[in-house]
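> Here you go, one structure.
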Amino acid sequence: MPLLTLYLLLFWLSGYSIVTQITGPTTVNGLERGSLTVQCVYRSGWETYLKWWCRGAIWRDCKILVKTSGSEQEVKRDRVSIKDNQKNRTFTVTMEDLMKTDADTYWCGIEKTGNDLGVTVQVTIDPAPVTQEETSSSPTLTGHHLDNRHKLLKLSVLLPLIFTILLLLLVAASLLAWRMMKYQQKAAGMSPEQVLQPLEGDLCYADLTLQLAGTSPQKATTKLSSAQVDQVEVEYVTMASLPKEDISYASLTLGAEDQEPTYCNMGHLSSHLPGRGPEEPTEYSTISRP
């Protein structure tokens, strides 16, 4: 019985020392994506001891997140930092970039031989308020998305139309080229007679020298002079147009001066190709009265 009372007394004294040697806020609130600061105060005599910040509702199972180095230099680990102000006997814990999962029970503690000193701090995280920029960003994104869809719809309509127009132009150009080629082939396939065919209405008139039958060319010249005196009528021959390289001659012979003149229409078309040599024979035609 006296031994049990002694244990209870020691436990009460130990708990009293824990509570009175270090103090801190009971509850601390923070905003999501924000930060919070916790200040813990300790009594004189603990300035050079190590201070720590741990997480967990159970004292023995809490996980130390950050610890001082025994000086006033700030120590940071991940999103948590701690700094000891030994003159004011306070150490400050800062948690940054808060998340909803950071809400839990934490401890402000002092490391010492035997049981450490500590006090609990309840941390709660409130949702961050929705700003006006975030609210207006959704319609902007929606409008931008709709604008992109509208542009894509226009392209889906215009591209087939442009392709169809280009295809029609290509077909039209092909037909035009085919017809021109066919026309050239048809023109190249014309016969020489068609190429050399004279135009209608193109008449050639030639003055023909009249010779009497049975006379030589010299006598014919003399007789022609006398015939001119007697106003002998001159015969005319209508001839079709001939190529320049084809030369035709016509000779007319009269039996007597009192005989009536004879008229003859002569036409000669060359069936030979253009460009024949000058050595080709000359054609002559003689017309006599019966």
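The backbone N, Cα and C atoms fix where each Cβ goes, and this holds for glycine too.
Copied straight from Swiss-Prot:
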DISULFID  Cys40-Cys108  disulfide bond
DISULFID  Cys54-Cys62  disulfide bond
DOMAIN    20-126  domain 'Ig-like V-type'
CARBOHYD  Asn88  N-linked glycosylation site
SIGNAL    1-19  signal peptide
TOPO_DOM  20-156  topological domain 'Extracellular'
TOPO_DOM  178-290  topological domain 'Cytoplasmic'
TRANSMEM  157-177  transmembrane segment
> Using C-alpha positions only, work out which of the recorded positions Cys54, Cys62, Asn88 is nearest to Cys108 (disulfide bond).
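Looking at Cα distances from Cys108 (disulfide bond), the smallest one goes to Cys54.
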> Using the alpha carbons only, what distance in Å do you get between Cys54 (disulfide bond) and Cys40 (disulfide bond) once rounded?
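With distance taken Cα to Cα, Cys40 (disulfide bond) is 13 Å from Cys54 (disulfide bond).
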> Count the residues of the domain 'Ig-like V-type' (20-126) that DSSP assigns to helix (H, G, I), to strand (E, B) and to coil, and report the three numbers in that order.
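So the domain 'Ig-like V-type' (20-126) is made up of 5 helix, 56 strand, 46 coil.
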> Taking the Cα atoms as reference points, how far is Cys62 (disulfide bond) from Cys40 (disulfide bond) in Å?
17
> Measure from the CA atom of Cys40 (disulfide bond) to the CA atom of Asn88 (N-linked glycosylation site) and give the result in Å, rounded to a whole number.
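Rounded to a whole number, the Cα-Cα distance is 11 Å.
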> Within the chain of Cys40 (disulfide bond), which residues six or more apart in sequence place their C-beta under 8 angstroms from its C-beta?
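Sequence-distant Cβ neighbours: Ile22, Thr23, Gly24, Lys51, Thr90, Phe91, Thr92, Val93, Cys108, Val119, Val121.
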